[in-house]
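**Q** Submitted below is the structure of interest, expressed as structure tokens.
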């Protein structure tokens with residue numbers, strides 16, 4: 001195949017697709033260039049798998065060379081995918097998966113490799129486009145194409161594929177994907193936006209998606225391959241009719257058992273009895289394994305059909321609830337002692353239960369994220385764990401999988417919208433959700449438990465957040481939207497639409513579907529039902545704890561902050577860390593200073609924090625013109641006196657400024673050690689301060705200012721002491737993570753120009769010129 005190139009302008013950037021040049025042994029491969037982002041996508045198909053699921057694998061490979069960076073770590077090589085790469089792979093998988101035929105069981109692998117990265121041209125948008133197109137032009141049976149975009153909401157307007165700067169000013173971060181007819185994937189974080197604004201964003205995003213799909217269709221028409229004939233998994237129709245006729249009523253009764261474990265036991269017993277009958281019947285048949293495989297599919301289909309029939313026809317759910325009814329709710333705080341943990345929340349919804357535990361720490365414990373974007377510190381972490389005992393099973397127990405990472409990220413987006421700013425609450429925050437029981441919607445239970453833990457721990461969140469999962473049963477013509485879906489409804493339903501938010505608005509959305517798409521009408525109905533349910537859950541949360549506690553747990557570290565001018569960082573640190581060492585030794589605190597001048601002080605002793613803050617405030621204090629001080633005389637010269645205003649800040653009082661009458665000698669007015677009242681008259685561009693005593697005394701009536709020769713300061717030798725030195729230590733080594741371990745200072749030294757500008761040395765004996 002010869003190289004083909006296709007281009008359009010999309011959302012302010014050029015989108016270029018190249019085919020036929022690279023990865024030609026894959027079933028389908030494309031190079032997508034969006035802005036300066038380049039993604040290679042290759043799609044391949046393997047043999048038919050033996051399992052009862054579609055083995056689709058989507059990878060998003062972040063190569064550090066794409067951003068001109070070296071990988072971290074000892075080996076200097078990319079290892080396991082980052083959290084962001086894992087989430088992006090899930091984001092692509094979810095809209096693609098429903099576009100394969102029922103019964104398709106061949107292995108399909110889609111690999112997206114980021115070759116160059118432009119932060120203002122989304123790699124995930126390019127990779128989603130490339131994944132769909134690689135499948136669409138290949139011979140792999142794929143009922144696409146699909147596409148996805150990002151949507152921001154800025155000053156009342158929707159922006160498609162926003163730049164980094166636009167994202168920073170946006171109140172919405174939305175990824176939406178779909179086919180030409182409908183939306184089939186949503187992922188969003190939002191700053192308490194209304195249902196109407198969110199629905200508008202979804203529709204704006206889908207309109208943009210249609211443009212990308214039309215572009216793909218043009219490419220497929222020119223370079224697409226004929227689709228391969230692939231065997232789909234079909235069951236024996238005669239066997240299916242026989243089993244339904246004989247056993248459907250038994251399975252219907254089992255499905256209608258309301259309690260989860262009892263229902264599972266009942267359906268399992270019915271299925272095992274049927275399998276036993278047919279195992280004996282076809283014991284000597286060489287196709288026994290195929291018969292039993294078909295039988296398992298038939299029984300699953302019978303259960304699937306009965307659950308959907310109950311909901312759509314009888315308007316009864318398997319557990320007996322109404323269509324819009326929430327399961328029984330319970331909320332509790334302080335599940336573990338506050339003397340040990342910093343805050344806990346236990347949230348139960350029916351047979352789904354999550355325990356969330358809060359941990360607070362200084363910002364030096366924040367997670368450092370180093371990916372294709374610039375390195376940054378991640379202050380808030382929400383981790384989700386799903387042990388197998390939560391569903392009464394045994395299984396793998398180890399590092400979190402893609403599902404756990406995804407559910408944790410959803411909770412993180414929902415809760416981070418209401419967190420206080422770093423200036424308001426200078427802590428790194430970690431929430432860990434342990435799912436203790438699960439019968440559907442455990443990710444939303446973790447959000448509710450997280451809200452309880454934050455409030456119990458004294459984190460001043462703006463408002464409590466609750467989450468609910470909405471479901472859908474649709475036959476293509478009629479549909480039913482379900483509130484608070486349980487596991488069975490999730491498994492056999494068509495949609496899992498998670499909505500989290502406060503009373504003011506939505507903070508997070510996530511939608512996965514098993515059908516080709518969802519109409520705007522269904523989305524609007526689901527959002528409206530979710531709002532009603534969310535308020536009911538918030539009632540329970542607020543009845544448990546109405547407001548965040550005013551005090552942190554006794555076990556939580558105490559932190560206070562003070563903003564210091566960037567040019568004063570050197571003063572607080574001192575030469576070689578001498579000054580900050582002195583503060584630490586005196587108070588016993590730990591101190592962290594960032595490049596912006598945010599100085600965090602932490603200790604278990606509040607009085608120690610207060611003392612350290614007082615010392616630092618004094619060190620960075622600056623004199624201002626017009627201020628009045630009680631100042632101590634620290635040096636006397638023939639032309640005037642030097643007085644100490646505070647800390648290491650001195651001022652010079654010229655002899656002519658000591659009184660309105662002529663002063664012959666400084667000693668006639670003051671002596672060393674005297675305390676005099678002075679007013680700041682001038683501060684020059686080098687920070688030298690002139691003060692006056694006479695300015696605080698009323699000018700005598702009839703006073704005439706004598707003529708004086710203008711006084712000029714010399715750049716190289718100041719009149720005061722013959723040099724340009726500052727008494728204050730001006731080392732500007734930036735200090736981070738400084739602790740009071742004996743002699744062990746952990747701080748980062750950045751190259752700064754060394755200043756030795758000591759002004760007014762107290763012990764100088766050099767006479768002025």
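Placed from the backbone N, Cα and C atoms, the Cβ positions cover glycine too.
Among the features that Swiss-Prot reports, Mg(2+) binding site is placed at 490, 496, with the record citing sequence analysis. Annotation comment: Swiss-Prot describes 700-734, 747-769 as compositional bias 'Basic and acidic residues'. As annotated by Swiss-Prot, compositional bias 'Low complexity' applies to 736-746. Swiss-Prot lists 557-616 with the feature domain 'KH', giving sequence analysis as the kind of evidence. What Swiss-Prot records for 626-694 is domain 'S1 motif'. Among the features that Swiss-Prot reports, region 'Disordered' is placed at 700-769.
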**Q** Counting other Cβ atoms within 10 Å, pick out the least crowded of the binding-site residues 490, 496.
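**A** Candidates: the binding-site residues 490, 496. Fewest Cβ atoms within 10 Å: 490.
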**Q** What kind of secondary structure is residue 490 (Mg(2+) binding site) part of, going by DSSP in three states?
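**A** Its secondary structure by DSSP: helix.
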**Q** Counting by DSSP secondary structure, give me helix, strand and coil numbers for the domain 'S1 motif' (626-694).
**A** 7 helix, 36 strand, 26 coil
